[in-house]
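For reference, TrEMBL has these:
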- 1-27: signal peptide (SIGNAL)
- 28-329: domain 'Plant heme peroxidase family profile' (DOMAIN)
- 38-115: disulfide bond (DISULFID)
- 65: site 'Transition state stabilizer' (SITE)
- 69: active site, proton acceptor (ACT_SITE)
- 71-76: disulfide bond (DISULFID)
- 121-325: disulfide bond (DISULFID)
- 163: substrate binding site (BINDING)
- 193: heme b binding site (BINDING)
- 194, 245, 253: Ca(2+) 2 binding site (BINDING)
- 200-232: disulfide bond (DISULFID)
């Protein structure tokens with residue numbers, strides 16, 4: 001009996017230790033981290049993001065995706081930006097997917113001109129993602145800052161940790177859970193697909209692989225399937241990009257969820273949130289709620305972005321402040 005009590009006490013102590021460590025790391029991030037060392041950082045980043053979106057509205061989704069793909073591998077440490085054949089940007093889920101590195105370079109240069117060797121690339125990604133959403137009509141949130149940049153990329157982690165458009169809903173839920181995110185985060189952050197595009201290669205199997213006769217996915221609206229076939233089946237390399245939310249291409253709104261109710265989700269992983277057996281059990285109710293209440297979606301999305309931005313940041317003396325986001329100092 002005494003040994004069992006001792007074992008239970010040790011387990012409780014270990015759990016509390018992990019909790020305190022996590023809270024300690026998160027407490028080092030703050031919304032006013034650069035208030036004295038770089039007070040103009042928000043203005044500078046906003047200006048650069050605005051310029052980028054004027055040139056290409058699609059860049060909003062690209063900057064949002066960069067932050068997401070960064071945080072899911074090694075935590076939010078800017079490692080997705082590192083060059084090199086073993087870099088995360090060359091992992092399978094990121095090939096022909098992540099983009100916007102030149103925009104990040106421009107932001108970094110502008111920030112360095114204001115505050116040399118002060119603001120991390122990881123923090124630039126977090127601010128730029130927020131600004132990209134705001135400038136597309138989406139919600140704002142207070143970005144917690146103080147992350148430092150990682151010293152290594154993790155291509156293997158990118159290949160295993162990132163959700164893919166062909167993954168089942170349960171697989172995606174598990175990948176989110178592995179980094180401390182829950183089902184609400186899965187659905188809310190999936191709503192980021194209200195902006196951006198996907199290449200035909202990411203969903204082409206839905207157009208011709210669902211029976212011996214090569215019919216389309218029965219969970220895909222037949223009219224939409226026909227339209228997509230005309231766009232994609234003559235595209236040999238699958239590089240044609242199609243809007244994820246064809247009802248409001250560049251507007252950050254809740255139309256993405258209305259599309260799912262009408263079987264007009266572009267990716268299998270999108271439509272699965274509402275129509276798959278796993279989705280019906282876990283995520284369908286939230287999809288319906290967000291389709292009816294834009295305010296609820298925007299609020300939950302902002303909260304989930306804050307949570308995601310807190311995934312395993314490097315703080316204090318860990319890592320470094322890169323001078324060039326593409327290479328370690």
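Just so you know, the numbers here start at 1 and follow the chain as drawn.
The backbone N, Cα and C atoms fix where each Cβ goes, and this holds for glycine too.
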Cα-to-Cα gap, residue 121 (disulfide bond) vs residue 194 (Ca(2+) 2 binding site), nearest whole Å: 26
163, 194, 232, 253 filtered to the recorded positions whose C-alpha is within 10 Å of residue 69 (active site, proton acceptor): 163
Least buried by Cβ count (within 10 Å) of the recorded positions 115, 163, 245: 115
Local Cβ density at residue 193 (heme b binding site) - other Cβ atoms counted within 10 Å: 25
Long-range Cβ environment of residue 76 (disulfide bond), under 8 Å and at least 6 residues apart: 67, 70, 122, 125, 126, 147, 308, 309, 310, 311, 312, 313
Cβ neighbour count (within 10 Å, all chains shown) around residue 69 (active site, proton acceptor): 23
Chain-internal residues, separated by at least six, CB under 8 A from residue 71 (disulfide bond): 179, 308, 309, 311
Alpha-carbon distance [residue 115 (disulfide bond); residue 325 (disulfide bond)] in Å: 15
Cβ neighbour count within 10 Å of residue 200 (disulfide bond): 21
Distance check against residue 193 (heme b binding site) for the recorded positions 200, 232, 245, keeping those with Cα within 10 Å: 245
